[in-house]
């Protein structure tokens, strides 16, 4: 058995963490041979609730769980961690705009970036789940200058999973038969779910999804807007934001980053190098492949005029969000 790795989950007393912690501690993320030592960070008023979560983790009797440290101190939480799930953030409530979230949450991620910089491993992989995730990831990386920028990513895997599931339902195939659907840009309602390069196993062979669906109007309208607005639809139905599906997506994202994505493309919000004419130095979701703990943007895809417009729109929003966030950090 390998030596345990330290893994931090922030917002550890919250809804998403409640589903996520079991997945991390059970081996679903880092593999069935990798023990984990969980660091659980939340704010001081949540320590009582967190104590209950710690009890439940003990009661799961998980062979791979080497230990648990509950804390309200970021420097204690981030000490020597190999992986960080930054889930804790002020949640969006019904009727709230992302901009309302921005100023509250950017300050949290500035502080966490500084703590990571000070005490985390320099090869730590940081996944930002708390919204606005792309911009929070950018700020976190900015305030952790000793950790490589490519070690910070924002979660758009939930959007990818949603998109894959919509396409599979439309085609009447199991969800794993659809691959290489892409989420471009921001984890917001400007994101662009793109099925133009995706393929489906159907009728004994592989076929491009656009040819299999054969409804260009659906792929440009209903499909895009359903995925873009799915988070709001869940809030409207559940009266709380996505938690189970968000935790599953966070697990998927970190597992593929650590263990490799195989022959599938995965969507990750990563620091932009200007690929596909996107603005540089923002955290933008691209199709990537992962191996040996590194991600690489998929190259050489054709961008239609329709897609170009969508990529530019979400890029423009991210540039504006980045500026707003930098302004908040100056205060």
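Even glycines carry a Cβ here, placed using N, Cα and C.
Pulled from TrEMBL:
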type: ACT_SITE; residues: 187; note: active site, proton acceptor
type: BINDING; residues: 42, 105, 129, 130, 131; note: NAD(+) binding site
type: BINDING; residues: 92, 98, 131, 162; note: substrate binding site
type: DOMAIN; residues: 5-152; note: domain 'Lactate/malate dehydrogenase N-terminal'
type: DOMAIN; residues: 156-326; note: domain 'Lactate/malate dehydrogenase C-terminal'
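For the pair formed by residue 42 (NAD(+) binding site) and residue 187 (active site, proton acceptor), distance between Cα atoms is given as 24 Å, rounded to the nearest Å.
The recorded positions listed here are 162, 187; among them, 187 has the most other Cβ atoms within 10 Å of its own Cβ. When the binding-site residues 130, 131 are compared by the number of other CB atoms within 10 angstroms of each CB, 131 has the fewest.
Considering only the residues assigned to NAD(+) binding, 42, 105, 129, 130, 131, the longest pairwise Cα distance works out to 16 Å. Taking the domain 'Lactate/malate dehydrogenase C-terminal' (156-326) as a whole, pLDDT averages 97 in the prediction. Sorting each residue of the domain 'Lactate/malate dehydrogenase N-terminal' (5-152) by its DSSP state yields 67 helix, 28 strand, 53 coil. In sequence order, 89, 90, 130, 131, 132, 136 constitute the residues six or more apart from residue 105 (NAD(+) binding site) in its chain with CB-CB distances below 8 Å. Residues near residue 129 (NAD(+) binding site) in space but far in sequence (CB under 8 A, at least 6 apart, same chain), listed by position: 16, 85, 86, 87, 89, 155, 246, 250. Neighbour density for residue 42 (NAD(+) binding site): within 10 A of its CB lie 23 other CB atoms from the protein chains shown.
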